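Colleague: The following block contains the structure, expressed as structure tokens.
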Amino acid sequence: MRDNKNKWVLLTSAAALALGTASLASANTLQNTIERGAVQCGVSDGLPGFSAPDDQGEWQGLDVDVCRAVAAAVFGDAEAVRYISLNAVERFTALQSGEVDVLSRNTTWTTTRDTTLGLNFTGVTFYDGIGFMINRDLGVSSAKDLDGAAICVQSGTTTELNVADYFRANDMAFDPIVFDTSEQTVGGYEAGRCDVLTSDTSQLAALRIQLSDPDQSVILPEIISKEPLGPVVRQGDDQWFNIVKWSLFAMLNAEEMGITRDNVDEMLESEDPDIARLLGQDGNYGEGMGLDADWAYNIISQVGNYGESYERNVGMGSPLQIERGINALWTEGGIQYAPPIR
Amino acid sequence: MSVRPKAHSLGPKPPFWRDRAKRALIFQALLIAAVVVFLFYIIGNTQANLAARGITTGFGFLTNTAGFGIVQSLIDYSSQSTYGRTFVVGLLNTLLVSALGIIAATIIGFIVGIARLSPNWLIARLASGYIEIFRNIPLLLQIFFWYFAVLRAMPAARDSYSLGEVIFLNVRGLYVPSPLFESGFGLIPLAFGVAIVASIALTIWNKRRHEATGQRLPAGWISLGLIVGLPLLVLFVTGVPVTWDVPELRGFNFRGGITVIPEFLALWLALSIYTASFIAEIVRSGIQAIPHGQTEAAQALSLPQNLVLRLVVVPQALRVIIPPLTSQYLNLIKNSSLATAIGYPDLVSVFAGTTLNQTGQAIEVIAMTMAVYLTISLLVSMFMNWFNARVALVER
């Protein structure tokens, strides 16, 4: 009898535990991250320049640098990142369910994604737009001549929607050939399954250099949409939202102030009050986010400023060779602008 | 004087927990209650968590504009259609490849299964070779093989293989002419209907006459003649009111006619050939399950060979064949969801892929998709059970 009673107690408490835990999923991402010892960062399934493993198997890219900046701000160690490769279809569910803490995966900021998915975009790492890549031999020089073309596009992207809009607006027909990964879309394009490969122009540049004969393909001049790409976090954890948001702002501010990875130690001595505030020499601006005063110093000394990251990954210092264009700072004719540290 | 054994005195009624039947009932009721409570808890908990995280829920998204294109659709679809319509488009594409796959797999499976029992050494070996190869390679690899190795190797549109300049095959798919019906064409389906009704009547009449007099006509051949001949006759009498829309290379692509996309071809071929290898084994085992004495007995009655098969072997074999055949059909339908690997716009690719991602409503979309597969499978299984009951041997 006694035994039976014990069993029941055990059973009911187990049930209570099981039922209880599900609703206890707390929103303190910073605390969880510190306990885990690494930032879980959702990246792409391999997009050179943005997020792709290099020949040593280390993840590199503009999006990857956001993950590293967050890790540098939180741990003072830009390497404390666990990368999780996600395709376009998986990405939001992975973030919603807590599999990743930051999604930094060339994701377009749209109303639906910002308001109905329980997610928040923290800023814009790259201002992009959709373009078309086509075989030179077809002799097409404008997107307006693409009536009837078969178009390879990646599933679950804004590209899928914007291309449909563009063709309808211009009263043209097209066959969407939809694949799960960008690798498959390139395969389809190379095999001739489709005439045109479409994606964000930055991606097209990245995919083009992977082709067996890059010179055979041209990117058409039309940019048919606005695609602001940026990091995403879960809604409802403002502290974490701020950390990711200000990690990017710190990189932008650093570029504006001329602080680089190389001169950041000299800059610690700087008399400029803006620089002193950013590097934590004057006041502690990390406190409000639960971080140390040297949060921005760690980002800049380990990852570099935005301009450095851009040049290294997608700019002229990289195989992609994308001009700064509108991604230049506002002081240089672009639209990248970060609020001040104050 | 014999003493009748006294009936056992009942004594006080035993408590209900000593009564096995009552105890069983109580436990079942408890189990059901627990399952129901658990389901309610799971659903409530999910809803609460979704609301807490600010994720939109509900099925309202089905009436929103989808805004993306789909390459193959059996109904009118444009990027202006709703998500509800993408669901239907995806469902129809799944049903199309499943239905055509089941038909092809059944035909190939029966032929190979019978061929495997052939006394001809070469045919029997070829059939077993087919079965061993296709049964033992994973289906996904076979889909990839047809799609990437075979169909991707086809020439570009300008260098298409063509059959008499009306049918074209290239890396974009198979292009066949489509019929355009003119006025007067309606008579042909009518003639077809009349022929079918006449054939059924003939078969019934022939059977009665056979039972009454022992004489009979070759009803099968007459019916075939009727069903094929009558519509053909009407076709020519009305002056062939059909023109063909022949595909033609214009701009990037062939225009006109019917396009069979390579994603469909690859999936259909792989599903049919793979499932056929299992069906062939089922057919072989079904036939071998009939004791040889049955065949010998039928031959001893001097029944001709085709009647031995039709009246003695096949009806008994079907009893063995149909239940496992049902599972193969169900497998084929479920396996069609591998379409997403090569981009065939089936339900999983269009609805559980693109729609899910554009709306972000994973739970609703996945639940609907699962419900669809469950419903299709249950319907097929109901039909096959009914068919099985019909062909089952009536034991006397």
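Note: Cβ is positioned from N, Cα and C throughout, glycine not excepted.
The following feature annotations were taken from TrEMBL:
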{"type": "DOMAIN", "residues": "B:91-384", "note": "domain 'ABC transmembrane type-1'"}
{"type": "TRANSMEM", "residues": "B:24-43", "note": "transmembrane segment"}
{"type": "TRANSMEM", "residues": "B:55-75", "note": "transmembrane segment"}
{"type": "TRANSMEM", "residues": "B:87-112", "note": "transmembrane segment"}
{"type": "TRANSMEM", "residues": "B:133-154", "note": "transmembrane segment"}
{"type": "TRANSMEM", "residues": "B:184-205", "note": "transmembrane segment"}
{"type": "TRANSMEM", "residues": "B:217-244", "note": "transmembrane segment"}
{"type": "TRANSMEM", "residues": "B:264-283", "note": "transmembrane segment"}
{"type": "TRANSMEM", "residues": "B:365-387", "note": "transmembrane segment"}
Colleague: If we call contact 3 or more Cβ pairs under 8 Å (sequence gap 6 or more), are the transmembrane segment (B:133-154) and the transmembrane segment (B:24-43) touching?
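Modeller: No, since the transmembrane segment (B:133-154) and the transmembrane segment (B:24-43) share fewer than 3 Cβ pairs closer than 8 Å, they do not count as touching.
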Colleague: Ranking B:55-75, B:87-112, B:217-244 by Cβ pairs under 8 Å to the transmembrane segment (B:184-205), which is first?
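Modeller: Of the candidates B:55-75, B:87-112, B:217-244, B:217-244 scores highest.
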Colleague: Please tell me whether the transmembrane segment (B:365-387) and the transmembrane segment (B:87-112) touch - that is, whether there are at least 3 C-beta pairs under 8 Å between them, with each pair 6 or more apart in sequence.
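Modeller: Stretch pair touches.
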Colleague: Same-chain Cβ contacts of the transmembrane segment (B:217-244) under 8 Å, 6 or more residues past its ends?
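Modeller: 166, 177-185, 187-192, 194-196, 198-199, 202-203, 206.
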Colleague: Grab the same-chain neighbours of the transmembrane segment (B:24-43) for me: Cβ-Cβ under 8 Å, and only residues 6 or more beyond its ends, written as numbers and ranges.
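Modeller: Sequence-distant neighbours of the transmembrane segment (B:24-43): 16-17.
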